[in-house]
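Right, one structure below, let's go through it.
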Amino acid sequence: MSRVPTAALSKYLLQGQVSRQGCLRLTRSPQISARALALRPAIVSHCRSLHTQTTETPLSTSSSAAAAPSHVPLRKQLKDEAKKAKAAGKKKKKNASNQVVPGWELTVGIEIHAQLNTAKKLFSEATTSFNDESNSHVAYFDLATPGSQPHFQKETLVPALRAALALNCDIQPVSRFDRKHYFHWDQPSGYQITQYYEPFAREGRIVLQPRDGIAAEDGDGLAVRIQQVQMEQDTAKTTAQPGDTHWIDFNRTGAPLIEIITRPDIHHPATAAALVRKVQILLNAVDACVSGMEAGGLRADVNVSVRRTDDPNAPLGTRTEIKNLSSFKAVEDAIIAERDRQIAVLEAGGVVEGETRGWSIGSTETRRLRGKEGEVDYRYMPDPDVLPVFIGDDLVTHLRESMGQLPDAEVDELTDVFGLTAKDALSLVALDGGARVEYFWRVVESLQSKLGSIISENPACFQLAANWILHELGRLTSNPHDESAQDLGFTADGECQRVPVDSLADIIVFLYQNKITAKVAKELLWVVYRGNVPEQYPTVADAIETENMWFHELSDQEYAELADQAVEGQEDIVNQFVDYKQYPQGKLMFLVGRMMRLGSEERIDPKNAEGVMRRLLEDKYVPALGRAED
Amino acid sequence: MSTHVRHLRSKIPSGVLPSLRLRRTPPLRLASSASLPTKTNAFIAGVDEAHPPSSPPTNGARFRLAVKDNIAAQGLPTTCASRILTGHEVPFTATIVTQIEQRLGAELWGKTNMDEFGMGTHSTNTPYGQVSNQLEGRSAGGSSGGSAVAVGMGHATVALGTDTGGSIRMPAAYTNTVGFKPSYGMLSRWGVVPYANSLDTVGLIAKEVAPIQEIIYAVCMEHDPKDPTSLPATVRERCVSERQYYPSSRGTPPPDFPSQGLRGLTFGLPIEYNIEELSPRIKEGWMQVADKIMEQGGRVVPVSLPSTKSALSAYYVIAPAEAASNLSKYDGIRYGKRASPASSPGDNSDALNGILYAKTRGEGFGPEVKRRILLGSYTLSSEAVDNYFKQAQRVRRLVRRDFDRVFRLPNPLLENEHGDDGNKEQQFDLSDMDESVTLESKLGPTQIDFLLCPTAPTTPPKLSDIAKQTPFDSYMNDVFTVPASLAGLPAISIPMALPKSEEDPVDFGGVQLIGQFWDDARLLAVTGHIRSGQQ
């Protein structure tokens, strides 16, 4: 199966956007026959990936596309399909029918693997890294060099403990490491060191609320229990090369991971995705995790089983495990597909086999990877070279106290104090792995010092900031043709390389104080984004000054004169304000538009112009009409 | 620490090795034997056969040190006598080698032959040719057979070995030398290729106790941060504070043995060691040593170690399990020898039946190693782990408890674990105890300072007889050495004289003394005294 560029994929997954270019490439031969498609399942499934949200069955989608009459222009056809898909997608979100199959209960447990944010590997002093030169951070032990031994890096406990605390777990005073054996080239020692018998954290819980995106069937929310959290080693990274060649990068070997194992408390696919999303947000919030799911820092395995609802005492059905899901959408889609497959098997009188299955992004079916007979016996054994880990209460207490605000509290603050909608607040917290909200707080800080006041005195200013950080900043990078400029460059400490905190705060203060217009403010944002501040102009104020963009608003007198000009010869329009059932707002805006055209636009605040016009209509022009008629 | 992968491959072309392999050892006069071997295969690498050690060590070194081939010494290959590591050089030097070179001034004198990865009792499981005892045609013991013969033949003053279940003591007993296994955690294992980590102990072989004693005194307080199982400095301090005969500070000479001799010391004869397989001559020699000790003022009492019967079985579950795990890393990819694709016609892959590594591991490991990997993989498998691996761990605890009960000194590690004097709690259940053990008081039988028992049940067998043995027969040889390994206790084997025999010309055996944890210094001092009394 050909690869979809990551940028396109993430746009599809995160924003529901389908790249038109991508579509064109994939359906290059519109006349391709249904038979030919059937022979090329990879392409079929790829087409499907772009249309999974249509209500039509995927097969008919692709065959209808294939059999489309040749006289329909391709561009139009694609547009229509995209429209249809979009409409269907929206509809689907509202009706949650895919969350439940009548007569059946779904049960899901999840295992989440996350890369810990640490400087060193779990058992060696080699540095953890992301895109450094291959095989440049490798200690003897990472390569399983004979005679080398593991050196537990106790600092790795800090993010692991933070994660476990954020997940409300009981930290175990004593934990141990075990070897899990299997042969693979990405595993130099032939075993992974993990915590099987005695993990460092147990019995946690995550509370999910409706705003977390759970299924409507879960009502006001639910608590998902966490069985355990364990530390373990990551494997090497394999890069496939042409032919049978694989390149192995041992930089990642031995990097610390945590595995979070939930109890089978989830019964709806959307809730499973919400759980994974929430775990990611929590891990980012406590700085436990290097990167989110979209960057490959988080992977999930789901265990899925179904049983009939008629007997509440029936045991859970046989479960299957779907491995290596790397997006929230994949979690939800794979669970739906696997649930439906299991139900179909059972309804046909068959038996669900306990097996391991796989899922590719965009497909509609899980695929069998290996059955029970192919299961690897991991032959767990306590690692005799790794000492038990003793975690003191003092450390746990310190970390608990220094953990700071968790996302739920932060979302509450954003909605209560800054007037954000729950959806906006959640996006703000989730974006850029938590860096976006950090940026927000720094902008808030900067605004406070610039305004010399506290939030409660100028709530509108801070709301403005929140909106800009969420929406206006997003526009900067939403141009799909400009792939090079897709990254705003947020740093973990809340700075943004492309739009520095201070510049944004300047723009917002000027806008809030009405010293510039909204239009100018938006232009200034581009000026900052393109680097013209500070390259060309030292500060935002200098840019405004140099380019003469300050908002010198018309005086009341000038506004009145402009209004007079605008109504000249428009008696028919003014007439409609004499006696109306509903205030003719549209006509008012027409007159305001005339004001904007006649006057110098950069000196007019549309809101103020509207007020002036409204007042003058009432006080002056309408009465004047009456007098003229008299 | 960080290093680039490709730098780790050995720079020694594999063709160089065979030339280092064969060496003719100079004929040495041995009191006990008339026939001398022409070729012992004691060394694998590093020794120039044209220059036997006739002159004193060079560069001001005080003695020559031979190093077992599973201990890394930079500049020489470290192959563990396995084909899978042919030509492999570990890119660093083991801590213990550095310590001995630096603290005591030793000249490194070659890598010694051994049973592949330490798995064997006779040093016959090796691709470099089976090691022969100085008594030609006899087993040199294993797995540190090469080290023992290197000392026995006079090539090296001291040899480093490893002891997992008797691999130093057994060869010492077979070659008429002294072999010492220290307490687990005393000598660093960094640079020692593991066979079974929880049992592997670096130890020393010499002709007398003194050089071993000197090395132990020099390094016994040194914690190695590179070895996670090396006892931390604070724990060493605590252990030493409860022990005698340790040097008060580094560099002080070993304290002299008191003039009163063995008076005040109690030696225990474990009655469970009087097994059917014990050769009558070994038993006779053992009793003669006991008599000698009593002559010198020591007290000798029978003691019971009831878990001994299960110790051997537990060992052959735990050691192969850890071995199977440790040996999973050998796949020929990053180091060592990878099976060549051309080794079978029409096959251009190094995989077997589509399984990567299978051919490399099939060709690289010898039969005994494969046997133990299979054994260990089975005992760790989900269906067997409860009945084998976990049971064996329980037996291991019982073995340690047995020792803690009979020794007068408490086990310092046990105290630490329970926060009280664990030893006082260790009371025998009368039903556990053999009736021949007499009670000292109403609290139980006499507590002892050292255990005294044979090292091996027989004299060194003929290599021709070993070839006919089943693997199980050779496992039996470890029956006296395995318990101390399971408990991590210091143990030493010294030569003992045997009564003359018409059938067997071998007139020596090995007798073993076992001490409580970290009682190494006193064990060496007492053994040195007994040894001097023998001559």
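Start at 1 and count along the chain as shown; that gives each residue its number.
Keep in mind that glycine also has a Cβ here, set from the backbone N, Cα and C atoms.
A TrEMBL annotation is a machine prediction, not a hand-curated record.
Here TrEMBL flags B:65-524 as domain 'Amidase'.
Counting Cβ atoms from all protein chains shown, B:LYS68 (active site, charge relay system) has 32 others lying within 10 Å of its own Cβ. According to TrEMBL, the active site, charge relay system annotation covers B:LYS68 (among others).
The active site, charge relay system annotation in TrEMBL covers B:SER143 (among others). Annotation for B:SER143 (active site, charge relay system): same-chain Cβ neighbours under 8 Å, separated by at least 6 residues, are B:MET114, B:ASP115, B:GLY118, B:MET119, B:GLY120, B:THR121, B:SER123, B:ASN125, B:GLY161, B:THR162, B:THR164, B:SER167, B:PRO171. In the three-state DSSP scheme, B:SER143 (active site, charge relay system) is classed as coil.
Sequence annotations record features per position, and here TrEMBL assigns active site, acyl-ester intermediate to B:SER167.
Of all Cβ atoms in the protein chains displayed, 37 besides its own lie within 10 Å of the Cβ of B:SER167 (active site, acyl-ester intermediate). Look at B:LYS68 (active site, charge relay system): DSSP puts it in a strand. For the domain 'Amidase' (B:65-524), the model gives a mean pLDDT of 89. When secondary structure is read from DSSP and collapsed to three states, B:SER167 (active site, acyl-ester intermediate) falls in the coil class.
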